[in-house]
Structure formats: C-alpha cells, structure tokens
Amino acid sequence: MDEHKENIHVKDVNVKMANTREDEKSCSRLCPSGESASQVSPSQSSGDFSHPVYKEIALANGHINRMSKEELRIKLAELKLDTRGVKDVMKKRLKSHYKKQKLMQSAAEGGPTDTYYDYICVVDFEATCEEDNPSDFLHEIIEFPMVLVNTHTLEIVDSFQEYVKPELNPQLSEFCVKLTGITQSMVDEADPFPAVLQRAVAWLQERELGTKYKYAILTDGAWDMSKFLNIQCRLSRIRYPHFAKKWINIRKSYGNFYKVPRTQTKLSTMLEKLGLKYEGRPHSGLDDSRNIARIALRMLQDGCQLRVNERMHAGQLLSVPSSAPVEGAPPPHNPHSRE
C-alpha cells in the first residue's frame, strides 16, 4: 500500500508534521572531503573526532569519491562485496566497508564505535481503502504484520502476521481486495484490532524487546503510525501504544543517506536503486514488510546507522532531530482503554 498511502486524506484527525527541517540527517556518516563534521555520527561528541581514525576515514572517503563506476565495481569485487546498485550506492558501500574495518580496529584498541539497536521491527499495515478515498474516509487496519531484523547478524529472524476485522466499515471495497489481496472472508474470520494488538504485544514481549534487547520500530513512511495506527486506536477506543510513539521512517533515512530526493524513496524505487527486486505480492502487508526489511539490511550493510527520526506527540507527527539522544523503544505493553 506504499504508493497508495500518499493519496490518503483524513478528516478531523489532528495529525500534522511540525515545521522542522526534513533534511536533518537520520543516518550518521563520517565526513568525506568537503563535508562538515556536523554530519558525522551523532553517537559521538564533537571532541571524539580528534581521534586519528576519523582522519584516515575522511582521506579514504575522498579517494572513493573520485573513483569511476567501473573502478568502484572492481574494488567491491576484490573485497567480495555486492557490486549491484547505482554509482552512489556503490560509493556508500565501499566507504562503509572501510569505515567498519577502521572502527572495528579502533574498538579493539578502546577507541570510538557506532552501535544503536539490537533489533529493528518493520511494520507495514494494510488498511481499508477506496480507489478515490473521500476526505472523511476513516481507514481501519486489516493486516498487522511485523518483521524482525537482527542488526548484529544482519538477518531477518522472525515475523508476525494477523488479519484484522474492521468494525466501522466491515465490507471491503472491490478496490481494496484487488490492491491488497485480502479477501472479505479473511477479515470476517479475524479478530477486532484490540485482540490482534494484544497478541502482537505478546509476540514482542516473548522476544524480550525493550527489556533484554534494544529495539526500534521501522516503517515505510509516516502513515503507518501517524495515520493508520492513530486512527485505529481512536476507533477502537484505546490509547495509542507507548512503544509505537517513535519510529524510523526509512524513506527519510534512505534519502538522507544516499542523497536522493524524496521522489526517489518509494519502495519499488529504493529496491531498484539498490539492485534488488521485489519478492512476493505488492501491497501484501507481510511481503511489503519483508521487502522493507531487505532495504534496511542493505542500508545497514552500506553503513547507514538507522535511527529513530519521527515521533508522535499529542496527536501530532514530529521529526526527531539527529542531535537527539538515541533511545530504543520502551518495553511493549497493552494500551489502556480511553474510557
């Protein structure tokens, strides 16, 4: 539902993006020649950059910037790294490899390191929709998928998926069925959202996320949390879950890291630019989540330090600046009733 989400209009829901700079860097990176030190990893204070390792990395980045596409491909092949993707992607990959090697050496010597979360949980809801959604249409979640990524092993390690029974508009539109592949019988046989959310919370708790392991939610855009989940919680008369109030918007992360405009951050475009192909059925929530996870994994391999860059506060969608402290999502708990 990624492209369709952009056409959604919601009436009487107080969700607004604060007037903050969208170009704040959600992925930290070390400076190649000509880039400011303020763009370097926010996990380090400015004093840390006096360490000699950063000068070595900056010099290497400058050399990589001058390499041709063929030179990049040859060097990546020599290092047994992935040679797919456009030139800028390959440059990032090579810089990341060198950065990782130098920082691993630095860590062994007691120097600076860069680590954030143990796990990233990808969420991509599917919701009720019509071909031309009227301005007062309220979208109800009909598929609740989660895909868990281990940031240390760089693998998809687990997944959760359940369909959800809509209550306000229980009859799915023909357009919705065709778009998502979710049939009327699937939602008729499913439980309402509060029950599905309770099992999703239990799934997260069983994996000790937020207690033993540091984790963050990741979405493809701002809609899943700021609109779909926000609206659904209002309709289901439950409070918005605290663990979902902050998340990584991978479109922002991708655009900032690879330096591309937001028009090139749709799911299909991100996959294409990374040299990947969509696997599964487009607009299936679980398949979309898995493909988003594949993009996240490639970005991590290329050196992107995925971190929370959006949050909900008092019903409003806000940006999280890169200068903010890095925090994992809190332990998940079942939200309370609004009544």
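Along the chain as shown, the residues are counted starting at 1.
The backbone N, Cα and C atoms fix where each Cβ goes, glycine too.
Annotated compositional bias 'Basic and acidic residues' per TrEMBL: 17-27, in sequence order.
What TrEMBL lists as region 'Disordered' is 17-48 (among others).
What TrEMBL records for 32-48 is compositional bias 'Low complexity'.
Residues or ranges marked as domain 'SAP' in TrEMBL: 64-98. Broken down by DSSP into helix, strand and coil, the domain 'SAP' (64-98) contains 24 helix, 0 strand, 11 coil.
Annotation comment: TrEMBL describes 119-305 as domain 'Exonuclease'.
Annotation comment: TrEMBL describes 319-339 (among others) as region 'Disordered'.
Positions annotated as compositional bias 'Pro residues' by TrEMBL: 328-339. Across the compositional bias 'Pro residues' (328-339), the DSSP tally of helix, strand and coil residues reads 0 helix, 1 strand, 11 coil.
The average pLDDT the prediction assigns to the domain 'SAP' (64-98) is 89.
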